[in-house]
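My questions will all concern the structure given below.
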């Protein structure tokens, strides 16, 4: 064997007499030379000389691919590797035909394979380290390899070898490949000039790679990394160490950014506009624009998809060949001589021998089962790679399109005409839908669009192959699938309808839940919680009915997916055995089975794809209509679009802070700062005008002119007031000058201002321009505008005020003081860094308005428009704002102010007045002009001024609205702070524990599946259903395996000549009968399992919601104070939705794919036990892949979710504040923000998609490995243990299913883990303690009319809100006689409200007791106690429903009693006038009644109760003086015989009480009659009364 390189068959082997090159073995040896050369040259360079090179280029990522022909080189190298594998295989097959070993047949090819891998590794390292000179080695290698292969080819031709021999074809291909690679190398030399040229060419890395922030590397990495997502490894592995955040994933590459894509789509859209022959002939089509902008990537994705689909058929065909070959082999041989047959199937005589060795023909090569197994493996790898590439390209294109569409919609919003918004032609809801739904529909369409044309081809190919295998009976099976497809579509549409109706019910349920949570304190105090709880339960039952149909359609859909292939296969095989005389062979049976499995997917997906296509068509139409809607007119100040230029999107340049001198007083500094501008203004003549309108008439879109005959001027640097009745067009006038209205006729002039207002240091000479110009184009400067309805951004208070201008501390402070915002800011948890707006803290109207005005004051613009800034402010604040803000801050700065107002007492301050009526100007001029020329109007104003002054005095007596607003805010904040304090303490404890453990524990928690939540979910569905689910699943999958096992048995039957045809027929019928029975049972079980999962999901959802609602309703009131309302609502909305609709399908899919994979592996182990050895590495790899993926996927999903909300909010905010943004001229800044938010969301989504591809590629490769090992094991068993061909087919068909379902196991597991978060959150609320509703006394022992007298004894009472907190009442003692009127007063936090709550046991009484009419209240059941007392709260709460329901939800009282109560509360006439009387509807929160009326309803409600004890908790705090006096009167008369305890915040309300209790810090300080207490001058009560006077 020593000299067996050339083999020892004959002596000729080493003979070179006819010339060295005529000896085939020597030619092969010559082919070794280049490979050995390359390995010797490159290995030292790769391993030794590397460290010194890498620092040559300063670049962040080592992924810079810049040699020309880069991708082509990778593709050719892959092809080269494939051809070399074929050459090795061909050499081995030929070698088996020879008598001795001929190493030269496959050894050079093996070396070539190693050299090819080395060449690409070497090339990659040189390219990324940018050291092109070293490529010379590769150039020499390609030249040598090309020459040696060409010599070999020429010699073959000389010896008469032709194309029929496989080796000749392989050599020819190798010559071509080596030649091409050589040409690429020459191209690199010519292009980069790194050798043979004097000056090599310098190249720079692309901008993206120079940017350290770009971490999404898919576009920049090499082909192998692109195909396998290798570059994602670092991110996915690092997710295990620390969570992925936005910082981790960096920025989007330029090509994927929203701005780039917007330009791309916009160009395509604008091009169409140009192409239209007649303007306005037809609006540009969005489809067309999409095609122009994204046609190429869609085409690429579709190409990958076609390749993948075609390669998908390689699996079944290889199985057919392998099984067919093995069945023939087993027939022609008995197990004894199998080995010989294996080696030489063909007779020794017809060996084809050239140059002393055997040559294999292509046909013979492809009939070798081992070759087929390897081909099957390679086809699977390729198919999966192409499929994932197709998905990735489609998804990336979809994301790009969405970014472009969002930018396009946003741009359009900024140009929408105001009338469109106000007339409701374009609503906020519509815009939100466009952003959240329509763009996503189009994005999804792009994801699925390659399916649209790939699926029909796949279906046709499948049917053709089936027809080729089975003849006419295949068409019967295919028609079964085709006939059931419309049913599938019908189910899908029904499913969507069910989803819609579920949504309606859940919205209704949420509304009810929200009401309960908002009024929970009242419900508990009145013991009404169960009535309202039942209302929610009623809506929930309707929702569940709707969910039932939703679940039914889901399970039917799942059932169809599973059952149709069984039915189709059954029909096909029965027809086949009936029509054809010969037996069904195992090769045909199992190949058909896998073909049917392939066919089913496109047929089902097709209905989904069609549904999405229809939705996309609708979305496209909506989008088209929106893009064609009216824009703001071009003759406004805006000429077309403010372009989305990247440069202008940078921060606005602003005042430089260093210009200020810290020591100088603020006023002087500001004066000095504005000096040049002022000098410029004064240099003009007195007639100086900032805005001038002549003969203007303006309208809101179509129809009548709203403003007509408008001729006004707004003088520069002066205060102009615009007055008139409500609705006379004052706000419209401001908007008209801002260009927001449609100008019908006339002209608007704006004075020219410095080019950049911010830059006031420019010399005056620069401003000597023509002072006035007509507004055309984009010339109007920024105007600080405060709209009538305040508009806030969802950001901090500070950012709302600075609004993009630089932060200047002194200026900011001056503005805050002018708007008296400091006290409000002090109440906020993080001061002016607190988030306000939709998602932040809710502020009152007045607070919002003051922030809006502060924004206008802060801006450094020369013109300020204030639209009714005092409307939501009380008199003190209005005065302060007028004096400090408008007169001092603005007017002394000589800024031009236009002020719309109803407060006529300020007219004396005005420099210029414009009076309006019914959309026209009555007169303009100074107050003196009016006094002289329009006496009537002037007198009218005077009387109104007097009335307003009286109001001022009246309000000064009472407590101002502002103080109330601040109280409300303080109360909201206080409860949150208490919660935060508790949380902080918990967190500190947690942190201490965490420090003891280390990072690894945290990571262990991150990688652990939430098994406890999962178990909680399953048991919520009930143990019976859980048991049924597990049993039915196991049964179903066992029957599925049994069906195929029976098929393997049936097709493996050997036809023996001895038995008659008759018994054979009987056998066939017997097998057919059992096969049909098994299939039928399988179909029934499919239905049962799919129904069981959904049914269990429904039961779990029902129980979890029921338990959650009951727990929340019975929770103590402190829970609601310390838990934000939004958080509780979230459990009922988002989390309940996930439990209702998302977990069941995920669970179904997970169990199905897991069982399928497990049954497949079980089958393989049964068929070929040796497979176990291959299973171990598979299990290890699979475990690590799923472990790493789950953590990363969870983080990326959360990132995707969290980046979506700010984006949607930004759109709705912009639409709401359009006029403000346009007045300020801040469009560019808002666009920039929108682009940032879109990119943040897109990068999260892109990474999530790349992570999914990362997983799928890996699991698919694992699946391919399973198929390869299974095939090789089956072939071995077939040869050596006589395994029947039927079982080989059985095993291989199952191995293929592993390939399809492995990634679903992991993805569903990851999804379920995220969804279990919802169960976890709900679960955390299920552990809160309930109030103790049981008492020690039985309710029947309490007298019906208790409490009759209303005698109250308080003995040594100590109260706290929570065992963890300090007591709020300390040893309080008091005695209240029946019918006494008691007043309790004290400063905020003195414990007076806590005392009122103690009567109802809303707080924890841990010492002492309260005895009412002889019964200790701590012994009473809670419901009994609370239903017998009455209370009127400070904040009146009304619920949506009828007035009757609000007064008496228990429906216990007669109508007379209710009318009596309303009469006492002085509401009878008002209720009578409403349609429906007592049945008139109250809107949510009682918004259709004033605060005073609501408080009177609360009084009526207390009267209806007829309790002998009434407690009033600061009941008059939030109402006006008139209502207060009514309330006081009623209490004195209607409740004359009752014990009334009043907690007062205005001391004068309790001066008439029988007894006054003064409290401080939980103790009683003074306790006596009010007269006695007043007599004691130094007393606290006396001081309170003094302060209140």
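Note that Cβ sites are derived from N, Cα and C of the backbone, with glycine treated the same way.
Automated prediction, rather than curation, is the source of TrEMBL annotations.
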Have a look at 301-322, 323-344, 389-410, 411-432 and point to the one annotated transmembrane segment in TrEMBL.
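Of 301-322, 323-344, 389-410, 411-432, TrEMBL gives transmembrane segment for 389-410.
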Looking at the ranges 1227-1246, 1287-1306, 1307-1326, 1327-1346, which is given as transmembrane segment in TrEMBL?
1287-1306
Looking at 459-485, 486-512, 513-539, I want to know which stretch TrEMBL calls transmembrane segment.
459-485
Of the residue ranges 1155-1185, 1186-1216, 1372-1402, 1403-1433, which one carries the transmembrane segment annotation in TrEMBL?
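The range carrying the transmembrane segment annotation in TrEMBL is 1155-1185.
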Can you work out whether the transmembrane segment (1287-1306) touches the transmembrane segment (72-93), with the criterion being 3+ CB pairs under 8 Å where the paired residues are 6 or more apart along the chain?
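Contact between the transmembrane segment (72-93) and the transmembrane segment (1287-1306): absent, because fewer than 3 Cβ pairs are under 8 Å.
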Restricting to the same chain and to residues at least six past its boundaries, which positions have a Cβ under 8 Å from a Cβ of the transmembrane segment (72-93)?
105-107, 109-110, 112-113, 116-117, 119-120, 123, 166-167, 170, 173-174, 177-178, 180-181, 184, 222-224, 360, 364-365, 368, 370-371, 374, 378
Do any residues of this chain, six or more beyond the ends of the transmembrane segment (365-383), have a C-beta under 8 angstroms from a C-beta of it, and if so which?
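Same-chain contacts beyond the flanks: 82, 85, 89-90, 93, 166, 307-308, 311-312, 314-315, 318-319, 321-322, 325-326, 345, 1260-1261, 1263-1265, 1267-1268, 1271-1272, 1275, 1299.
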Determine which residues of the chain contact the transmembrane segment (105-124) at the Cβ level, with the cut-off under 8 Å and only residues 6 or more beyond its ends counted.
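For the transmembrane segment (105-124), the sequence-distant neighbours (Cβ-Cβ under 8 Å, at least 6 residues beyond its ends) are 5, 28-29, 31-32, 34-36, 38-39, 42-43, 45-46, 67, 73-74, 77, 80-81, 84-85, 87-88, 91-92, 94-95, 134-135, 137-138, 141, 145, 222, 357.
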